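In what follows, a structure is listed as structure tokens, so that the remarks can point back to it.
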Amino acid sequence: MGLLLPIILAFLAAVIGGLYLLGAFRQRRHGEPPLDRGPIPWLGHVFEFRRNTLKFLQRMKGKHGDVFTIQLGGYYTTFLQDPDSFGSMVKESREKLDFRKFAVNLVRRVFGYSAIFEEHKILHDASSKHLKGDGLEVMTQSMMGNLQNLMLHNLGSSADQRAWIEEGLFQYCYNIVFRAGYLSLYGNEPHKSDGGEEKAKEKDRAESEALYGEFRKYDALFPNLAYGVLTPRKRWEVERLMGYFWNRLSVKEMKNKDNISRWIWDIQQGKEELGIKESMVTRYMFVLLWASQGNTGPSSFWLLFYLMKNPEALAAVKEEVAEVLKEFGQEVRPGGPLIDLTREMLMKTPVLDSAVEETLRLTAAPLLTRAVLQDMTLKMADGRQYAIRQGDRLSVFPYIAIHIDPEIHPDPHTFKYDRFLNPDGSKKTDFYKAGKKVKYYNMPWGAGVSMCPGRFFATNELKQFVFLMLVYFEFELKNPDEEIPEIDYRRWGFGSMQPDRDVQFRYRLRY
Ligand code: HEM
């Protein structure tokens, strides 16, 4: 008994100390947001959060209001849900709120890439040069060529090419947009190789198809990987897939390609100049493949789907496309040259722009998170102030706070292709909540320092794809009464949403 008591006391002290370290005893201090630690020490609410982020955050908002702190997998995260106050997070100094720390951890866990501090500037500089302005012109042209290769390579080759093809719409859109985007960024097979241009194009088609197949396998495992819940078999599969991509996207392989985008090229060079090992640069190429190709394909599906479900929207976009072609003196004729859709033409499509923005409002749901580096005060637009602790995280989920807020966007679950159009046809940017103009009225690309640098290119990709579909193909849903698929709930927070099932459609070349 003499020995038992100290052992029991030591055990209790260890348990209490452990629980303390796990944050189990954290109490809300004066001036802090409401605190909800959740049912399980350390893990907190993580299971409910993962099961359906949207439902969970809506429940928390109903319980605590528009600011609350919850425990999630070892971190205390404060959610800010008042769009008027988003500026407090977006514009806060990097000394207090840092997005990199959070992103670096995620990228290490999910892609095996260890980032160093200085390198974010390389991405920033390359994106400013090549994903905007004149650089974007080059990228857009390249995308056009690759879309034509993938979508139109058998145009007019024989009469039976005009037979209807039936396929899953999600599979079709993701496949084409992913492959064309990949080829535009990472380069083409050189024409000088055996067999000349036609053979090189054929190789591009075959190689990008194989890469897409493997990407989709990784994509399916992504939510488990991001949350760190993988069975040993799945872990093994993830490692195999990573090995595959590191091979295929290796710096050495890419040096054999033509037309590598300047964006990818400058990033590679910049990293090499910083002394980052080639094997790490290669890993980063996979991170960029993920960031650049994981969202646009799913978005192209939703865009085409909503257009097909809304004949009025489809007719309005078709009319606009026809007008633009006419204005630029182009015409699609059997046996004639392929249309050359320039960036200038893409800047004259306000109706399609509005349809794209509406699609992203309904189907892009990023979770924006910052690490809190110092104790700070969160200042709300209505004057409230909250103390936030160093070491916590601060997040916004614009989907609930903005995208489906009926005050900002009336009838928020309905696709309205002209929601972002003024009556005079110009872009609508005035949206209101409680009589006050809302600055952040749609946030598919995030905001502030980590705002998506590929947003202009992505928008052009979506528009180019739809443009070509409308001009060269007839297409329709197999079942005109098809219901809108549910969203795959495991993916909330990662950007563009995916449907929980595919929908069948049919298409055929017009010429
Ligand atoms: C519909 C398509 C797309 C959507 C909805 C989307 C959305 C986003 C969002 C929300 C973020 C910010 C995440 C955060 O703040 O935590 C982001 C980051 C990023 N996106 Fe996109 N994106 C798309 C397409 C693209 C494309 C085509 C590219 C490249 C050509 C690209 C490159 C990137 C990169 C490199 C980052 C990381 C930025 C950084 O670390 O500063 N994205 N994207």
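Keep in mind that glycine also has a Cβ here, set from the backbone N, Cα and C atoms.
Annotation comment: TrEMBL describes R109, N295, R393 as substrate binding site. Feature annotation from TrEMBL assigns heme binding site to C452. Taken from TrEMBL, the feature transmembrane segment applies to 6-25.
Positions of TrEMBL features highlighted on the structure.
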residue	record	Cβ neighbours (10 Å)
R109	substrate binding site	13
N295	substrate binding site	25
R393	substrate binding site	19
C452	heme binding site	20
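Across the fold, the C-alpha of the residue listed as 'heme binding site' and the C-alpha of N295 (substrate binding site) stand 11 Å from each other. Taking N295, R393, C452 as the candidate binding-site residues, the subset whose CB lies under 6 angstroms from any atom of ligand 1 consists of N295, C452. Of the residues the record lists as binding substrate, namely R109, N295, R393, the two whose Cα atoms sit farthest apart are 25 Å from each other.
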